[in-house]
Amino acid sequence: MNGLEAALPSLTDNSSLAYSEQCGQETPLENMLFACFYLLDFILAFVGNALALWLFIWDHKSGTPANVFLMHLAVADLSCVLVLPTRLVYHFSGNHWPFGEIPCRLTGFLFYLNMYASIYFLTCISADRFLAIVHPVKSLKLRRPLYAHLACAFLWIVVAVAMAPLLVSPQTVQTNHTVVCLQLYREKASHHALASLAVAFTFPFITTVTCYLLIIRSLRQGPRIEKHLKNKAVRMIAMVLAIFLICFVPYHIHRSVYVLHYRGGGTSCAAQRALALGNRITSCLTSLNGALDPVMYFFVAEKFRHALCNLLCSKRLTGPPPSFEGKTNESSLSARSEL
């Protein structure tokens, strides 16, 4: 993970990073576009995830594993969104970090902690869907809210430990009367960077894709299922994979290219700028995850959709909102209908 890439920088490293920063400076137009993007992203993601988290906490009695994972996903998204205003200030200030060293470390730590936590919670949701649909009876003892909470606690601890180096290593560099926070876009790379990227992203991504391929095969080969239930499962698969492909795949592909460049050295200023711009764009896409997850809730969770209509529609819906999931039982059809 990115925390594993953070090493104590030498003077040579800082000089190289300063050179990269000078070559990668944005134009005023680029700064304005990035700032507008983060402002819109912050508003949409904050409202959507705050509403989702309130609903998940309010409906905690439903006691389903998927609800637990969705609640932790909303917490991760909301925590990640709360550091986006620092990027707004950075771009409005003309690539200058005015907050100092400690806030820079905290911003990097919180952003990457919650980004990778979101990735792993999406993977947990995929695994839960796989067990519920492909092995509905065998997984009854495993798919319990307590186990889901324990899994989430374990993931929070693991990701926090992996990101901890961001809190202890210097992350600011001064260039031409401006201070740059390295954790906003260009993390310091190390020899462990590619290996950490593989552990942090490749494993959960492959796991998620595998789960959904097996789910699709089960839906095609299994007993006859109502069309709307099958469509709901396909909708869930499409949404989660779309979030991975839009938000996380471009960033990690570009990150691998950047790490290889960093270790190679001798890159022209034009190439440095291209890499810097790529970092900014793909990082924007990762932060978009916070705005897209509530869209997923809307399409796959009936209670979220019901509550949102109650808030926005002039005519409030009558009757109690449906649960996010039905009560788990030993029926394959019931398990397939969850979410």
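Positions of Cβ are set from backbone N, Cα and C atoms, glycine also.
According to Swiss-Prot, Pro103 and Ala276 sit on the same side of the membrane. According to Swiss-Prot, Cys181 forms a disulfide bond with Cys104, chosen from Cys104, Cys124, Cys211, Cys247. As annotated in Swiss-Prot, N-linked glycosylation site applies, among Asn176, Asn329, to Asn176. Cα-Cα distance from Asn176 (N-linked glycosylation site) to Cys104 (disulfide bond): 19 Å (rounded to the nearest whole number). The stretch in closest packing with the transmembrane segment (65-85), judged by the count of Cβ pairs under 8 Å and taken from 148-168, 196-216, 233-253, 281-301, is 281-301. In the three-state DSSP classification, Asn176 (N-linked glycosylation site) falls within coil. Within the model, the topological domain 'Cytoplasmic' (127-147) shows a mean pLDDT value of 87, rounded to a whole number. The highest tally of CB pairs under 8 A with the transmembrane segment (233-253), across 148-168, 196-216, 281-301, is held by 281-301.
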